[in-house]
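Novice: If you look up TrEMBL, you'll see 11-145 marked as domain 'RDD'. Here TrEMBL flags 20-45, 57-80, 110-133 as transmembrane segment.
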Amino acid sequence: MPDSPSHRPVTLFKRLLSIIYDLILLTAMCFSVAAIVSIFTTFIFNDGNAITEAHPFYLINQILILSTIFITGFLFYVWFWSHGGQSLGMKTWMLMLVSNDGNTINKKQAAIRALAAVLSWCCFGLGFLWSLVDARKRTWHDILSASHLIQLEKK
C-alpha cells in the first residue's frame, strides 16, 4: 500500500462525502454514455428520429439506456476498487478499500461489493446505516465482500 494505514474505522459521514465526490464524475460519465446509446438507438430503431413514448421500441430504448448507466457505474467501481483500492472520492478523503487480509481487493470482491452497495441503497440505505450499529463500523457491502475501508494517514 502506498501509505501506512491507520486502522481507524471510517465513519458514515466520510463514506458519504466520498460517494458525493464519485457521483460528480460518475454523473458526467453516465450522461455521456446515455447520450451515445440514445444516438445509436435512434439510428437503429427510428432512422435518426427521436424515439417518443408512442414508438414501439420506446421501452426497449429506455431499458438499454438504464442498463448502460447501471453497467457504467458498476464497472467504474469495480475498476477503481480492484486497481489500487481507491476511487476519486476515496483518494480525496484519504480512504482506501482493502480486503480483510489487508491486500487490495480482487475483481470478484469488487463486483460483490458493488452489487451489495446497490442492495444497501435499495433497502432505504439500511446497509449503510448498519455502520452506525456495527462495532467495527462495517456496512453490508463491507461484510458481504470481505473488505473494509481504512483511513490513510496524512503525509
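A Cβ is built for glycine as well, from the same backbone N, Cα and C atoms used for every other residue.
TrEMBL entries are annotated by machine, without manual review.
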Novice: What mean pLDDT does the predicted model reach across the domain 'RDD' (11-145)?
Specialist: 94
Novice: For the transmembrane segment (20-45), what are the same-chain contacts with Cβ under 8 Å, counting residues 6+ beyond its ends?
Specialist: 51, 55, 57, 60-61, 64-65, 68-69, 72-73, 76-77, 87-90, 92-93
Novice: Near the transmembrane segment (110-133), which residues from the same chain, at least 6 beyond its ends, have a CB less than 8 A from one of its CBs?
Specialist: 9, 11-12, 15-16, 73-74, 77-78, 81-82, 97, 139-142, 144-145, 147
Novice: Across the domain 'RDD' (11-145), what are the DSSP residue counts per state (helix, strand, coil)?
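Specialist: Per-class counts: 94 helix, 5 strand, 36 coil.
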